[in-house]
């Protein structure tokens, strides 16, 4: 295989990717281009620039991708009511395809023949990065240092950093957990969480207060939907990233969106993770509520049946696959009439639907009423409906089954 | 069609079925046998006996079906994590097939040629009763008075009652809502709920306190599972009905299990309903948690993909169908290793998983760890895994797609 | 319910619909508008005009819908490789929604308040007509004489015809079977076919010779595809209806497309039917062949998994439903690259794929070769691929499962 | 990783596995145990014994697995009507899990720490062997020489054989194709087949005559089913392997079961293959026919919807996975009443259903008849059935959709 000349590295400026940056320069003797994205992780990006410069990087990309992230990735996913394994809102999974896309765009711009990332060989993220990279640039080389090097413990990493003069100050606030954050969520893995019987410690959580510490007064909220996406909060039009940031703030204040689960990784093992997804938790509940009055029954059921597969595609890293795009086209088409307003009550961890209305509602008070409906619905129709639906079972029973 | 000689009526002793009892006697000139079941609705049954006797009924069945209800209907359904339309725990739906079964058993015992029920022609319950009845006794006649008579308003019903000397005292505590209750839940429909934008009134709810009024101190709970069913609470072995009753009590105290939704009825319209399912809400969360460490990934995913259909079968009244039984066999088989303990924290409406453990766990700390795993997992394997999973997309990209 | 003023009748000019025409005039005292369509059933339409005029009909619609039928109904359905219950190519099912659509269009044009058809109360066609009619014009009245009148035997029908001076000459060539024909197929039901153990008689079949009587020399055929549809035969561009007519002729000559089956009707019973679908049988085989080289694996698999449901939707009459449209959008999108040529060999009932090629092929000879591929594929990748796919099963086995 | 002491090799006695046998001895310096199975591939096994002895093998396993193969693998698969990608009857796929199981059993018996096979690194078979091996013995080492060595061309292989005194006489009848055979099928890959536009040559096919050369007189056949399996042919009880061998012989004589396709491999590329599956082609057609009269509609539809996934599981090598077993349990349960007789007509490549009967039939002539049914079915029931099924679409249309 030919030598690598230039590699684009997904670079956070933290310890791991700083070591990788140096290691790539040393091991491959190639030029490294760094790419640092703001996807709402809540960290300063300029320190990453300074560090990259200090490491001799000449081409440094720092992009604010927050709007694109929510508009083109988070929102489309929520149109599907996607949940992985009944619980997980896919906060980490959904950010990776955007990073992969931007890595490849930059590789094309700078004429790089390789990309690199800091995901480990045990996790899902390597798969998500690399499936995206290969799908978008089939000839690209991918360097995954965690699968190549022997710096497999924290000590070795710190040793390497020290030997190569790499400053170590990973997070402003020190955490023992392996964390990932973006506008949709923050996640925690490792340490005591590696025992599924151990409850997460209260001081682990960063984005939300506990339900216990949330306000004693509920907060009502009105979310305006257009084609399945939230476009306004309490009547005020907001951009996608503004919507999510606002819901994160309010949800976090009310103790909403904590999750503690054991999930099945694509690479084959079970792992324990804790997640905070305040805005996403609110969005999912509200989206189901607006769909409940605007979506046809069979369309809704078909969406529900396909949802687990759609969620697995995203979880497993197939965002850029033709099958995900095909499903997305169908999901997006289903949202044509998913317009209206949902009223929610937030209270100490609870997201409670307090009302929903829409000019595109399919709810028909005249037909649904318990009172006399003046002939809108002929109750006698139910007789034939039941009889024919029962016919095959009656025949079977008559035959002695 | 031949005349009806004897009919078994699902009889609550309330206004509606008391009128039906009289109406059947008058309209069909036939003997009526009453059947009243205790499925945990929380009402005295002896008044029903007295009323039936007063109406001249000679064969009166009053059965305590609570254990059978939970053991043979609720528990099997929860093994599937069944939720209809992303929200509804199927509390009403799951009780109907048991009533249908018992109606038919009694019809066979007393030599009746017909059964009757008080469900209206607009709802799902008529379908559930009748599909069950036809599946179990294909030649049975079903009399659904609400689809036949002209007593379509409350006034007419009350007039009829007065004219025929039927006492009116439907519920101990007066409610304007159309309600249904059993050990799994209580439901509310009608009145202000007919406008989906109207929030339910606080004094409608009967089984749960509001999260606001729930205790300020969380309650921890340990649920013991065997083959997917809860068999113990805090180490104490309990029967199925005891499990559910206990969880209802505790859940209700902590404001758990309220739900407000718009659902799609099988007969074709959307309807608004409010539900309290305290025990069921806890059971679902706990069951997913114990499955998360004991179930194979692909088994879990297959269950998730089939769940919406399974839930629809129950919602639509197909409990006694061959396809529901076929799915049930598969679901039950999947629960062989779903054993262990789940620790929950209940607090003001929240059900929070605080731990899960099992001797049948598939969670492997050695493989999942972020620390050095001493070779339990070879990170280099991920390279080939990703490359081959990407191959079809790479080929497509090379071909210009 | 208000009186009916004008009704549009799906009118073939045969005995049944001629009786219906008279019966509608007599029973409802309303004006009848007739609609007769050429969908390739192979009958003269002008006799229908004469008969309708003789019956006093003033507004007579006779439309050639063959191109629309194939272009907008048959072709979209074949993009999905739709087969009902593993065998049936849906020849009758797919014509009904077009008739329903045109009935409603005419009803709107002439200001009719009702439509009527000659389908019986036991079959699927009534459902297909009426679901379409209601979906397209929700307030329309539907008159289904077979469900209303008492002319339930052939004798009564003939008596009625005689009494009302209706000429009886149903088919040019007399048949004892209940038949339905359009450009996609001809079907046979009834008579000896009502016993599933009886083999169909050779002289029943009308469109195809038996394989025994087909030529001893095979016929090669090249079918050109664009976006999943056949647009050329042996290099000659043809319209949709021309394609199907040509394939019917050639297929029929070679004994292709006979089918004898027992199917499950939507109304609940099993029924025996025989079908001739020469062109459709060829199209399905060819479409799968062109997809085999142009479609992504996962897209193809997703299509295959959804196909049975899509086929049921069409069989059950839900062409105009939102869920069929949603699936169609996805299926159509999948056909973007389904271009190329398929070479077939037809011989005595066999449709044999002899070759397929495409500029959009995803088949890569360099990778697939059994010879040395010069590094196009790294065999060592398979090791990690297998190991990680096996991981969950290894862990389970280690835990003693 | 520790040294390997003893390896069980799946050994055919052909060139490839003879080279592998020597290569294992040389490369790993370990004892090799050979395992040769008769699964109906139609080759003498004793030559394999002699060759293994000549190579110094001391533990030689030669097993007749034909009955087990058909009874426990082929028959269960056909209960599902399994077809991969609409065409392929999974002839190669279904044999691999049996070989894997027996390899592991022998490894356990002889105390081997490894198994080895001759499948290449590009194909599906390596996956099928190894997933099975890992699932059944999680700690086993697998040696896949084709992924390790550098003997990647035929010339190198022949050179190696010559240098090590390995006799070369691969097949009794010389073939340029890569072939695989067992009781279910024989397959061909490679050579001219690598161009999907090239038609297969007539002299490639070994098990079937061409339809052109098949007898001019059709052959009728009656197949007796019990619980979904064929247990008798023309009234004569036969064992599973006898059934399949008999159907292969008869089918082959009548030119039945040739298939030419492009399939999607699990490892990511498309490949062209030709298959002869005479008995399997007959079995599939017959099984669908007996199911058509004995299976409930919804059970059949659910089976059809799950079939593609079940087929993929087998194709991809997941026979021993918990999800395949779970699906199998459901499929097997569905076959309880799949009993009866199917009458087939075989003629020049065609398998034509000529009749089906069963004491467990659900076909009811009285209900299905076109004649007067004496009230068995009330046609008026269809009215309500249609109206309620249409309701949601009517409401939507009224709302302007």
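A Cβ is built for glycine as well, from the same backbone N, Cα and C atoms used for every other residue.
It should be emphasised that the depicted structure is a prediction, and the values quoted were computed from it without experimental measurement.
According to TrEMBL, the feature ATP binding site maps to A:10, A:11, A:12, A:13, A:14, A:15, A:16, A:17, A:18, A:37, A:118. Sequence annotations record features per position, and here TrEMBL assigns L-citrulline binding site to A:88, A:93, A:124, A:128, A:178, A:187, A:263, A:275. Marked as L-aspartate binding site by TrEMBL: A:120, A:124, A:125. Feature annotation from TrEMBL assigns domain 'Arginosuccinate synthase-like N-terminal' to A:6-166. Summarising the annotation, TrEMBL assigns domain 'Arginosuccinate synthase C-terminal' to A:177-395.
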Near chain B, which of the binding-site residues A:88, A:93, A:124 can you find when the cut-off is a Cβ distance under 8 Å?
none
Entry from the binding-site residues list A:93, A:120, A:124, A:178, A:187 having the most other CB atoms no farther than 10 A:
A:93
Over all pairs within A:10, A:11, A:12, A:13, A:14, A:15, A:16, A:17, A:18, A:37, A:118, the annotated ATP binders, what is the largest Cα to Cα distance, rounded to whole Å?
16
Using Cβ atoms only, which residues of the same chain lie under 8 Å from residue A:88 (L-citrulline binding site) while being at least 6 residues apart in sequence?
A:259, A:261, A:263, A:273, A:275, A:315
Compared by Cα position, which of the binding-site residues A:10, A:18, A:118, A:125 is the closest one to residue A:93 (L-citrulline binding site)?
A:125
Which residues, sitting 6 or more apart from residue A:128 (L-citrulline binding site) on the same chain, put a CB under 8 Å from its CB?
A:93, A:96, A:97, A:100, A:316, A:317, A:319
If you measure every Cα to Cα distance among A:88, A:93, A:124, A:128, A:178, A:187, A:263, A:275, the residues said to bind L-citrulline, what is the biggest one in Å?
19
Mean pLDDT over the domain 'Arginosuccinate synthase C-terminal' (A:177-395): what is the value?
96
Can you check what DSSP calls residue A:120 (L-aspartate binding site), collapsed to helix, strand or coil?
coil
Any idea which of the binding-site residues A:12, A:18 has the thinnest Cβ neighbourhood at 10 Å?
A:12
DSSP secondary structure for residue A:12 (ATP binding site), reduced to helix/strand/coil, please.
coil
For residue A:128 (L-citrulline binding site), just give me the three-state DSSP call.
helix
Count the other Cβ atoms sitting within 10 Å of the Cβ of residue A:263 (L-citrulline binding site), across every protein chain shown.
19
When you measure from the Cβ of residue A:16 (ATP binding site), how many other Cβ atoms are you left with inside 10 Å?
20
Fill in the CA-CA distance, residue A:124 (L-citrulline binding site) to residue A:16 (ATP binding site), as an integer in Å.
17
Starting from residue A:125 (L-aspartate binding site), work out which of the binding-site residues listed here (A:10, A:16, A:118, A:187) have their Cα within 10 Å, and give them in sequence order.
A:118
Run through the Cβ atoms and count how many others sit within 10 Å of the one on residue A:118 (ATP binding site).
22
